[in-house]
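First up is the structure itself, then whatever we jot down about it.
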Ligand code: PHE
């Protein structure tokens, strides 16, 4: 069967941007900027974007496009023993999408509650006790929260119908799901700048605190944010670019994706801080405190800000539709990694059937986060996945491509097909800069986690986190050994 293709280059670009632009842009980026030095945070962020993020994106694009295979197949073409890296990537993808979909399920609940602005009395209480019905600790599972499970089912049905025909259905969906949240953000921005206090919010967002630049944590956060926001390390960009023609442009698409993604993050920052500025002026809460509220930003602080506005229901609906449309194309891009890899290996299977079973697997893997201790598990999984799996996968990829396969043939391929040339600096970035920076990130995180166990969770719960890192890692090593042994026997 012929390989699936994108309908056009614009469709590919929209799909790549759709994957990159997600919850990470709207709450993670503004929250990091607020926490780590305001305008000064933009310096490490932009440096990370240019010297690490975009080169890595170019690498994922060229690998997928040149090899014309998803994660497992592409890695195997880089080196016959490297298929196991694809397994590592696939398991990580399954785990990330399983909880990303749960966050979307919360958004569905909030969308429904928007019609009556049900949280307005006490947003924090509403999130913890009405939506999550959170238990008193990770030790107490507290049974399944059926409303979240129901909304999760809805989310997975939506995801399924976005991807069931592969590039064909994804191509149609992204025409709407990528511009829609940007338009909605624009409307929210218009609302923000007509409210008192928005300028104070912008000041808190952009005012540079230069002393932040000497704090290593600011730098490590900027680098890991760039990886997360560009959907790197999970095989998404490899899979997506494998559906392009072998001689399509690479460099320009990569730069465009990276620039559009960061532009949307910056833009989202204005919206978020504008509205927080208004909230600070209405409630006398310091802005810093509001911005640094982490995951609570989208589901506690922001809903509260929305409820203070005139026509609160309208802007709440806009906000949660924005969040859902923002999240869905990131979520299904991860599912595509699994679909792509499975179909490469088993060409006789039917796309819609594979998609169905992958969605079922993602749904089942997410059930744990719908229990009353779900938030704790989500927090642990997210911590380990983004700090270890993502970074490890990226390190393995650059070693495989940069040192084992060789960067120069890849760079030559890019320059043969691209309008924009990629200079020798790219080789240096892939071979030295990225692995060194990522190893430093990994080492810093590891020493932090060993010294102070993350989030004060009990040992068994953190054990699950470590298992999420170590099980795929062990499978990778086993596959490697197996391939090697088979090769010797032949
Ligand atoms: N880039 C997405 C975001 O910013 C998250 C994501 C990570 C999506 C990894 C796919 C793969 O929200």
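Backbone N, Cα and C define each Cβ position, glycine as well.
Annotated by TrEMBL as transmembrane segment, the relevant range among 12-37, 38-63 is 38-63. The stretch from 144-163, 175-199, 219-243, 351-370 with the most CB pairs below 8 A to the transmembrane segment (313-339) is 175-199. Same-chain neighbours of the transmembrane segment (84-113): 22-23, 70-76, 119, 126, 131-132, 147-148, 151-152, 154-156, 159, 233-236, 299, 303, 316-317, 320-321, 323-324, 327-328, 330-331, 334-335, 337-338, 341, 361-363, 365-366, 369-370, 374, 377-378, 381-382, 385, 389-390, 392-393, 396-397, 400, 468, 471-473, 475-480, 483, counting only residues six or more beyond its ends whose CB sits under 8 Å from a CB of the stretch. Counted over residue pairs separated by six or more positions, the transmembrane segment (219-243) shares fewer than 3 Cβ pairs under 8 angstroms with the transmembrane segment (175-199), which leaves the two as not touching. Counting Cβ pairs under 8 Å to the transmembrane segment (351-370), the top-ranked stretch among 144-163, 255-280, 390-407, 428-447, 459-481 is 144-163.
When Cβ-Cβ distances below 8 Å are used as the criterion, the transmembrane segment (255-280) is approached by residues 13, 16-17, 20-21, 24-27, 29-30, 33-34, 45-46, 49, 53-54, 57, 182, 185, 188-189, 191-193, 195-205, 229-230, 286-287, 290-291, 297, 301-302, 304-306, 308-309, 420 of the same chain, each at least six residues removed from its ends.
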